[in-house]
């Protein structure tokens, strides 16, 4: 957990605060905020691509949780025993067919024999939950290119999942905000129930010890740090565009600094708390099977849909615990999915910006949901799990790191750290703390860059159990990863080519300059250097007043301060003196 906490302190929290303040200051989504430096709008498009990929496969995971939730509404969980048509001769259950209680109820001799047999046949054993997952739920094919048939039960649950997401977002953040009160708080109730039950089980303490024991030999492994960074970016939602989008709905003077600290720490504490819940159950399962915890624990879908469901079969009233567990997964997944869909919808509405689009945002939301459902259909086939893992490992991995790093560089060095610090102070009433200033400018980009470099150096192709992905599928994975990153240079070149200027340098400088509309969205907040320039009528009246005063003093030349457009907005504090010659009435009238 050491890499996780270091990444949280030096990257997670600072970047979380940066994105919240960024979106809140401009009150725009992940595309509109790049008025700060239009050449970098490709970062916003990259965020949209990442959110699209995640939204497609993430809802498939939610739909499988729905599927398991519905199947848990029974007196006996279907993955408890091996006497089913989908089971193979290698299946070996941990619950005897005549008794659903754990093996500790058997006599010592039976446990000893079973333990020895388990050690001998450990490499051959497949659990009922694993075979249920592979042969019944997925009916998995032998290759990523062999799609087979669509799994109709999963397809139906995918439709249910998208319908739930759409209905909760039918009125935008107004409706989703009310739903999130439930989806964000009720999982804590379920976690607490499962935690109390878990720590009372035999062997739970062994699982918790395994969870808390540092493995110092892995600290020097770049993959561990890369995984920690990915976990931080995933859990906090950095570089997805969702933080910017949701913050854009905040009040302008909302204390987003306080929010970022509270949310980040709460998120981290929740992850640690959930670890105790998971590993207490896995420790009990390891005790029951008489094997090390490391051989019970799994990652990804294997933990959620194989190891944990098998552990639940060892508990009394197992369907109840299964219902609670999968209901918790559904709520946690829906909370993330709401954010992803709202990010895409807000970006589309902000970018097009026509009256029809604004009035019919519900139709846009429905269109995005339908498109997400259709794009998720291939993931419900027999090869769907291969594609899901491919997207999970490549579509939103190192691309998040690159996007986040470029965002820091743009805001801190292109727009200017002093300008942004003043923006934050104008919005919050106080400047960002020194720690965040240092992290934004130096620490976070450097750490992210090193992790990216070492992750590329120590790259290993993904596998799924014993299946090795073919080269062509890995090429598709890299293409998905690069599809979000490549948006940045492509749009930058496009913007430079469309910018005015005689030379490339002039066009580049113009493309990096802030748009005149950059700043607070409401006129009442556009004060200081964001104050609007005087109108042409006011300008003429001011010149006439100065001219009249000059005539009275018999002066012909005067030097006056004049606000000049610089960097896309009016600098009220840095005037350039313009010499105005009043030589004849005709010149003044022409002016």
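A Cβ is built for glycine as well, from the same backbone N, Cα and C atoms used for every other residue.
Not measured: the values here are computed from a predicted model.
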From 108-129, 130-151, 438-459, the residue range that TrEMBL assigns the feature transmembrane segment: 438-459
Contact set, same chain, for the transmembrane segment (471-494): CB under 8 Å, 6 or more residues outside the stretch: 39-43, 45-47, 49-50, 53, 144-145, 386, 390-391, 393-399, 402-403, 406, 461-462, 511
Segment-segment contact (the transmembrane segment (46-70); the transmembrane segment (320-341)) at 3 or more Cβ pairs under 8 Å: yes
CB contact flag for the transmembrane segment (438-459) and the transmembrane segment (152-170), at least three pairs under 8 A: no
Feature contact check the transmembrane segment (394-417) with the transmembrane segment (320-341), CB under 8 Å, 3 or more pairs: no
Range from 179-199, 232-249, 394-417 with most C-beta pairs under 8 A to the transmembrane segment (261-286): 179-199
